[in-house]
Amino acid sequence: MTTIRQRRVGKGTEAAEDQPSEETNVKPDGKIPSAPTGGKLWNILSIIVGGIVAISLGLLTSVYVATLHENDLWFSNIKEVEREISFRTECGLYYSYYKQMIQAASIQQGLHGLVYDNKTESVRTINILERMNVYQEVFLSILYRILPIQQYLEPVYFYIYTLFGLQAVYVIALYVTSWLLSGTWLSGLLAACWYITNRVDTTRVEFTIPLRENWALPFFAVQIAAITYLLRTHLQPVQERLTLMAVFIATFLFSLTWQFNQFMMLIQALALFILDCLDMLPTAKVTWLYIIQISGLLLVCVLQFFNSMILGSLLISFNVSVLIARTIQKNLKKGGLLTRLGKLILHILLVLCLTLLINKFIKKILNLESDEHIFKFLKAKFGFGATRDFDANLYLCEEAFGLLPLNTFSRLSSTLLFYIYGFVLFLLTVAAVIVAFRNLSGSNQVQLKKKTEEYTVTLKPDAAYSLVHTVLFGCLALSTMRMKYLWTSHMCVFASFGLCSTEVWKLILKCLHLYTSQRTQMIKYSVAIVTLLYISFKFWPGIMDELSELREFYDPDTVELMNWIKSNTPNTAVFAGSMQLLAGVKLCTGRTLTNHPHYEDKNLRERTKQIYQIYAKRSPGDVHGILRSFGTDYVILEDSICYERRHSRGCRLRDLLDVANGHIMDGLGENEPDLKPSSYPRFCEEIKKNLPSYTMHFTRVFQNKTFHVYKLAKHK
């Protein structure tokens, strides 16, 4: 069990640059009049200062999380095996491929080893580049080999510093998005400060470094910043083309680095679809974004050797369906309110039906079942019937896939973030409803607009996209805690934009009959500066205390296990055990595994369920037969799983196995009526008694307080 213990001492003023909310500054020929020379110089100076602040905050964030990582683990002082063990669960699996590429005799041999891998899953040869998103490890390992830095920087530091460096990109992208939305870099400064002070809820990079989301989310933030700029009005053709290219590159990199990319972009596509239906975004730009999503994902599909899970994604089916439906319904945005609503309902139904039909057709052709566990999980999670499916229950019982805890909101409120976010969300939602109703009813004629110009509620396309984006990803975060990092980072952007937005304060002051241009500017900057001062004075001492707290990595049992495996087992030995532990076994020892934590494959899920019978109520002969069918030489049993107390009854791994096998669960409590007692005791408990029926199949060769390793007899 990995723990962190206390370290032992003695071991060696800017100008308002708001973009105009009204379009009265546009000449009849469509050109924006040039600003006076003094105004141009002031804007250039402001952009330079804002850019310097953005880069500085990004770099400071990178140094901050790197320092926290060092202080938590004393990473620079611990042994290599301890460093590798600190990459927990699937993080260790991903890092192992970087290590494998570094240690290969040549780049070509390293790539060949990944394409024809027979050590990740025993008795099978799989293509790692097809199955997993590890191109970032490949690229980084090649870069490390060709750069003249081997004498100055260890491979592990090159890896982790790259991830910490991406945090700078992440913060800069959030900063720029807020700046673009509000028109002032003060908003970006506030967004970055909120991201840092709410670090517990905005990132987990310092303790899960190789996790796929830590690679992907910075590119997702860059993509959102580019989309925000794209949705601005009066862009020149060259600007628009360059922005579309930036969106494509960011979308491609995001898709390449995370296996869950298709689900995140599906939510993004839904946001675009909603806004397009309500006539709040330019249709041409939305079409380009649909095409970019499809092309980016297809390019990743090619690089991943035509991964069938990508081809069968709902995102591709949905985007194609929208484009087809729009071609069929050409007059979707014409007519009165009732006519528009009727057309809209038909359009939504058509898109939904086409999406399901296309997706079903693709999966039927490809015989695709890799993502069925996700839909089983979603079905059970949202109450569409209980399930005994082992894979679905494995997700349901994990805290990370549960509802967002309520204490998250108290932490976010302590920095004022959640209060301001809620206030801005309410105002812009009301504005969006008014604008949507006006668009659908066709009541935005020129005469009416001129007559009620002073009171007309407007919502810029970029602000409308940001609103729907935060609402949809907020729903995702509320339902699944692991996805909160997609929401909380954008929450910082959205709240800071609202606090520094001329349009928001203009709307508030007009409602209170207090509006003047000077008063709006004064309140906008004053409130933002006061908020920044509050955050600084309240949280700066805590950040300093956090940076001064020194701890040390401490997991002697796992270190002892890994050292024993390296010293006492052949390089070709095959190990069975829990997914999480085996990822560390592969990284630290290079031994062959029976299963691993990358769960997006049906055969692997079935294999894992079979391997986990070591924690079920099965006979020693059955367990031995199952393990030997996967070529197992050694099996590792963990007391923390066999006698698990972390989960409540019904969610312990042994309970999930009992229910899946049709056996009643251990302990006091109810059981479903059709469950029956098992004919055998629990294998992981009974094997420790060294009974003849067990010793004829298994011989204990290692044990400590946490782990028990048994060697399997090779019966003919």
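Backbone N, Cα and C atoms are what each Cβ position is placed from, and that goes for glycine too.
Given the ranges 282-299, 462-479, the record in TrEMBL names 462-479 as transmembrane segment. Looking at 89-105, 242-258, the range annotated in TrEMBL as transmembrane segment turns out to be 242-258. In TrEMBL, the transmembrane segment annotation falls on 485-505 of the listed ranges 380-400, 485-505, 569-589.
Within the chain, the transmembrane segment (312-329) has long-range Cβ neighbours (under 8 A, six or more residues past its boundaries) at 262-263, 265-266, 269-270, 273, 287, 290-291, 293-294, 297-298, 343, 346-347, 350-352, 354-356, 358-359, 362-363, 366, 368, 370-371. The transmembrane segment (416-441) makes no contact with the transmembrane segment (242-258), as judged by fewer than three Cβ pairs under 8 Å among residues 6 or more apart in sequence. Cβ atoms under 8 Å from those of the transmembrane segment (485-505) belong to residues 16, 18, 21, 170, 174, 177-178, 181-184, 186-188, 190-192, 194-195, 198, 201-204, 213, 217, 220-221, 224, 264, 412, 417-418, 420-421, 423-425, 427-428, 458-460, 463, 466-467, 469-470, 473-474, 476-477, 520-521, 523-525, 527-528, 531 of the same chain, restricted to positions at least 6 beyond its ends. Packing against the transmembrane segment (217-235) from elsewhere in the chain are residues 19, 23, 26, 30, 32, 166-167, 169-170, 173-174, 176-177, 180-181, 243-244, 246-247, 250-251, 253-254, 257, 264, 281-282, 285, 289, 460-462, 465-466, 469, 485-486, 489-490: each is 6 or more residues past its ends and has a CB under 8 Å from a CB in it. Residues 177, 180-181, 224, 227-229, 231-232, 267-268, 270-272, 274-275, 280-281, 381-382, 403-404, 425, 428-429, 432, 435, 486-488, 490-491, 493-494, 497, 501, 503 of the same chain sit 6 or more residues outside the transmembrane segment (462-479) yet have a Cβ under 8 Å from a Cβ within it.
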